[in-house]
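A.B. asks: Sharing a structure, written as structure tokens. Questions coming.
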Amino acid sequence: MGNADFVYPPSTSDRREQCTHRVAIPPAQPFFMSFKNSLKETFFPDDPLRQFKNKTPSRKLILGLQYLFPILEWAPRYSFQFLKSDLISGITIASLAIPQGISYAKLANLPPILGLYSSFIPPLVYAMMGSSRDLAVGTVAVASLLTASMLGKEVNAAEHPTLYLHLAFTATFFAGLLQASLGLLRLGFIVDFLSHATIVGFMSGAATVVILQQLKGILGLDHFTKSTDIISVFHSVFSQTHEWRWESGVLGVGFLFFLLVTRYFSKRRPKLFWISAMAPLTSVILGSLLVYLTHAEKHGVQIIGNLKKGLNPLSFGDLVFTTPYMATALKTGMVTGIIALAEGIAVGRSFAMFKHYNIDGNKEMIAIGSMNIVGSCFSCYITTGPFSRSAVNFNAGCKTAMSNVIMAVAVMFTLLFLTPLFHYTPLVVLSAIIISAMLGLIDYDAAIHLWNVDKFDFFVCMGAYIGVIFASVEVGLVIAVAISVLRLLLFVARPRTFLLGNLPNSTVYRNIEQYPDANNVHGVLILKIDAPIYFANSSYLRERITRWIDEEEDKLKSTGETSLQYVILDMTAVGNIDTSGISMLEEVKKTTDRREIKLVLANPGAEVMKKLNKAKFLENIGQEWVYLTVGEAVDACNYKLHTGKPVESQPCNNV
């Protein structure tokens, strides 16, 4: 601790003659004004309307359109230099998007062509409405797996492919509706209930499940379990050892090795990022050539088959709004929508931080929701901003969201002219591509970091991970959210209280556990409450404060020192209090009065003072026992102990 942290006290006689600042009670505000300010802080902490102040109506209209469509803001300043960078980035991520799109569509039990459809329309919508320069839009493995798992429980994709397809579109529509609504209603903070530890555990668990599901393709199995838990998967794999096809296994392991080696070199030399980015498409081309030349499809190697040429067909008329299937689509859409939203915003914020610009979370929700609503009407299933694709976009040097437009144009060209070339693409290559991508989502380093920093966060992470791999993705998600909410409730319901002591040669009071050299003040117990006081924690705080008093009295009796005379509550960290909290203070006051101990408050905030005043608690305790700092409160208590007289405060003149 540096010398600047110490404030050396004046002599006792000087202190008595100094003026004392009273803790002010803020002026009363009309209820409507107070309610309006609370709403503003809750839903508009970033004050998005600030840019519209003192502007002409025409300027407000332009700013409003630019807010909804950021492309109107950056497009007029777009330069040829930006185009060169975005062109390279767009073509690079297209080479990754095409094989990944086909792979993830298969993972969702949807026709492979939908993966290409979903890499065409949604990126165009996001380029107009998104605020991130680096987010590369497309399908993701976890949302694809959730779609297959949740819809598959109600409808068998093999027996009723058309109904399953229509439900996937409907789920995407509901997901987009939820995402856009959260943004429009400024409810983005709901996504924050998924803590970092929860997301690490859930995403790692989901990635593990996705990898296990790819054993079907790697081993060339025709029949596979519909369950996603690890026990069912292993049972399905090892009960069919006679069905394993060595040809598929060799191809799968070979291409997976190739993909992992390219990723290793790209990580070692970031300038060679394009090697890893091009590896999936290279694998598809090499795999297709190998199958075509060796006729491996006749020897047990499964292939994609025919892919329909042409652009996205309209699917608005295919949305299912009738019972009993609408409930399934709604539930699937809500779950996949929240997961896709959390991933997209987290990825966007991460890369925005690297480039030193900000993105509006609520605006991103509107953009992601809009692209899914529009996409559901054009034969697309749920999309967001996957990390792997966005990382390639970032490393390729993208400058604006135009890279998404260029990627979409490349996918459009593929849909119009190149889809027949994917006829001989082996499914085992798609499985290898998915496994390679998913290995990057299992974040060992983050888990180790959680263990080193916060053991509870580590157990939250592992709870989510174990729930996903041993139960199901949906159960794992529920466990993840439940653990996050439980941790939040524990923070609120069990706030920390600290015993404060005086640092030598100063008027500074700090936690004696953190500063062992801090001295106790004889006859005075100084406690700090480290959270707002609400109904959820008021009973706990009453019991904890009483216990502190009991322990201090027992300690003083055992040493034969002066009995406890004062209890000072440092309320610096108490930002707010409700009626239950005020009742708790009143009960503590009665307890201290019965024991002939004086209760003293130090530095209550404006909101707390306002409510204590309205509840008449200040009259009850006596405003002369409410002090601006712990130091002033201790001085007053010491003065009273030594003289038997209360401190006569002399108000300072306002400067």
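Every residue, even glycine, has its Cβ placed from backbone N, Cα and C.
Positions annotated as domain 'STAS' by TrEMBL: 514-637. What TrEMBL lists as transmembrane segment is 135-152, 164-185, 197-215, 246-265, 272-293, 334-354, 366-384, 404-422, 427-444, 464-490.
Help me picture these features in the structure, burial and contacts included.
C.D. replies: Using a Cβ-Cβ cut-off under 8 Å and counting only residues 6 or more beyond its ends in the same chain, the transmembrane segment (135-152) has close neighbours at 93, 97, 100-101, 104-105, 107-110, 115, 118-119, 122-123, 126, 164, 167-168, 171, 203, 206-207, 209-210, 213, 226, 228, 328-329, 331-332, 335-336, 339-340, 343-344, 347-348, 351, 371, 381-386, 389-390, 392-393, 398, 401, 403-404, 407, 434, 437-438, 441, 472-474.
Listed as Cβ neighbours of the transmembrane segment (164-185) (distance under 8 Å, sequence separation of 6 or more from its ends, same chain) are residues 43, 108-111, 114, 147, 150-152, 154-157, 191, 315, 318-321, 325-326, 328-330, 332-334, 336-338, 340-341, 361-377, 379-382.
Counting same-chain residues at least six beyond the ends of the transmembrane segment (246-265), those with a Cβ under 8 angstroms from any Cβ of the stretch are 217-220, 272, 275-276, 279-280, 283, 286-287, 290, 296, 299-302, 426, 428-429, 431-433, 435-436, 439-440.
For the transmembrane segment (272-293), the list of distant contacts is 92-93, 95-96, 98-100, 102, 251, 255, 258-259, 262-263, 265-266, 301, 303, 392, 395-396, 421-426, 428-430, 432-433, 436: same-chain residues at least six beyond its ends, Cβ to Cβ under 8 Å.
For the transmembrane segment (366-384), the list of distant contacts is 68, 105, 108, 110, 114, 117-123, 125-126, 129-131, 137-140, 143-144, 147, 168-173, 175-184, 312-316, 319, 333, 336-337, 340-341, 343-345: same-chain residues at least six beyond its ends, Cβ to Cβ under 8 Å.
Tertiary neighbourhood of the transmembrane segment (427-444): same-chain residues 99-100, 102-104, 106-107, 141, 200, 203-204, 206-208, 210-211, 214, 216-218, 220, 248, 251-252, 255-256, 259-260, 263, 279-280, 283-284, 287, 301-304, 387-388, selected by CB-CB distance under 8 Å and a gap of 6+ residues from either end.
A Cβ distance under 8 Å defines the sequence-distant neighbours of the transmembrane segment (464-490), meaning residues of its chain 6+ beyond its ends; these are 142, 145-146, 149-150, 193-195, 197-202, 204-206, 208-209, 227-231, 335, 339, 456, 536.
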A.B. asks: Any residues 6+ beyond the ends of the transmembrane segment (197-215) with a Cβ under 8 Å from its own?
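C.D. replies: Those are 107, 141-142, 145, 221, 224, 228-230, 233-234, 237, 342-343, 346, 431-432, 434-435, 438-439, 441-443, 446-447, 450, 454, 457-458, 460-469, 473, 476-477, 480-481, 483-484, in sequence order.
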A.B. asks: Run through the domain 'STAS' (514-637) and tell me, per DSSP, how many residues are helix, strand and coil.
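C.D. replies: Result for the domain 'STAS' (514-637), in helix, strand, coil order: 66 helix, 22 strand, 36 coil.
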A.B. asks: Tell me, roughly as an integer, the mean pLDDT over the domain 'STAS' (514-637).
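C.D. replies: Looking only at the domain 'STAS' (514-637), pLDDT averages out to 92.
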